[in-house]
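Encoded as structure tokens, the structure appears first; notes follow it.
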Ligand code: BES
Ligand code: ZN
């Protein structure tokens, strides 16, 4: 046995496999019932002290209590028994790697239903945007540098703020109080019930008792804020907190939130259970937003709307984000996943219902079409990789938990729920959700519980179908292997196989696929659940020239491969727009995916794209643009960039001439989005006329003569920066410094990466790492350089040289995975993939392991794609 172990260790060392500490779940011999927590943050020296009284249940006689704690100094630990007896702890043993504290007692603690565990603790208000952390801001109007403090606990960082049973299934109630300066606002999950002013310029705020909830949803904020307030129809007090002097920027969020609450109340048939809901903009914030019960925290750009300076696409994202986090108040907060392997129950549902809700509130957004480009396609792209993972995936270590906040848990999860919603119909789906939420409220669930409720409500098979989507990675390709016209009907043979990014065969995987088919004569010509490898079906009332669309509205989570003869039949319908937008989008997107995995040729898809010349739908163009960017990226490793730019100009110019630069008086939301997309594309294809106009408008804007509409700013900034010299670069920095709107700072700093001068790009990276850019934003500035072919090597080298600083800054957060992905995945050669692999073998990036593997795989796929199709593409581009 020992020998075995030694061999194994040598094996691991040889291959640089570092064994991660095993994480054990907390013992359940002692569990909390209620926490009384008091905090005193010190905003001058960035420390805090706290004390807790936790009502506990001791399930058996025991001489130690184990709970989670990290980076806290704990003292005065004792247990008070029901009879008043006090048993002091003799020692606290912290096990840092396991994020655990063990309190040892000299005397056995007797089994008890009502004991009290009491202690004091202190910690740092850190600058890592997790746990209890500090957030820098400039005061209004003096512009003094000051700090607020706030919490971000999901997934496993409540333990950095107070010692606790930090697992989602160990729910308890909370009474929170805080002592803070009198001139600061203090907020928590629940409404304040008492304010006591002290002589020393401090005050103590006490908040009412929370419902039974998970630790990761506890929240506090202390700082200087203004707010706007209102009541939702159903009587919930809603406030939106903004930086001082900017309360108008909270009005849009307030309006949305007051409508979202009643919408969900009606949809789920359960009222929001708290008396208040606060939304607050936090200057330093790692994620986009966080659903803390009753106190939702947001990045500024995810909640603040400035009348003149906020673009429509941002406003739309803000509406989605608000709906997402409010959706969590039911999915996640009221009913919580049992353990993080079921994270998808939280995130997929919130990601699905945000679209349901925004579709209801803002029909003009046509948001379900945008679901395809925002959620569905990125999910398919991520999930065809060998290094993808099942929606439900085993996780133990905190860094493993962090890494699954990804396209699979969010996008694939939301996409398969959309498919399920469609299969069950809205009524039964709603009924099932209501059953689930009612049955499990204030408790925890596993996926199985959801299937049960949906089956009960609908009387349809759910479990057997959904298990094939949730428990295995990947998704199918449905291929038409026979297509025969007989009289007035068509006989088709469909076959399912796994869709793989490298087109490798996988015989083992199999899905139960709800599938439907449409024709020009019938939106719903055929429906079934494809539960075999192969089926033969007959579609009635079809003539020989009719197209047959598999997966109408692109609802099913799979790719479709047609015969070329069938594909050709779509061309007239694409040209005259007689087939619906969701289908036009799906046809292009499926074919392009088949191009990337080598089933079809790139030129075939470029020819299909040319038949979209009359296309007027924003989202269809957005999908085509994304595909062209992928192609442009691999071609940037060749001499074909100019030719490809010419192709792009040719494709987009007619549309830009139709749309112009000026918005029409009563144009639709989608027309505005389309204009900024198309002009943006023309800038990226280096179209001279567009770039010139962009410059002209930029300088009018800069000189205060004619304000640029927010929707066109990114386009103009890029247009100006593409050929910028140092003078222009500095002008941009001036603009960056002049604005105090986070959105505008993002826009400028992310445009900087489009410059063509390598010395200036070097400066951009230095700028990103400077005090002037918040760490949460730097990742995206660096990414903007990395995705520019001129900056690609530069950024990768910077990353390799500064890995220690970057790792320290971003460790254990999802920003780390974003950074790793952006700086690595755009290469396209075997040597680079080997280099990346080697680097990460020698430098451990905990929490980015899967991302690294995905990047290496992507680089190899890029390389193969290029080798496979380059000659043919060269030939095709000759005409441009
Ligand atoms: N629960 C998450 C926040 C979160 C993300 C916590 C990652 C821990 C790690 C929240 O509900 C969320 O999903 N936020 C999104 C924005 C949303 C609109 C998709 C985010 O932060 O990106
Ligand atoms: Zn979420």
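Backbone N, Cα and C define each Cβ position, glycine as well.
Here TrEMBL has 324, 328 binding Zn(2+), and the candidate from 300, 347 in that same listed site is 347. Only 347, from the binding-site residues 324, 328, 347, place their Cα within 10 Å of the Cα belonging to residue 410 (site 'Transition state stabilizer').
Ranking the binding-site residues 324, 328 by C-beta neighbours within 10 Å puts 324 at the top. Per-residue confidence over the domain 'Aminopeptidase N-like N-terminal' (31-217) averages 97 (mean pLDDT, predicted model).
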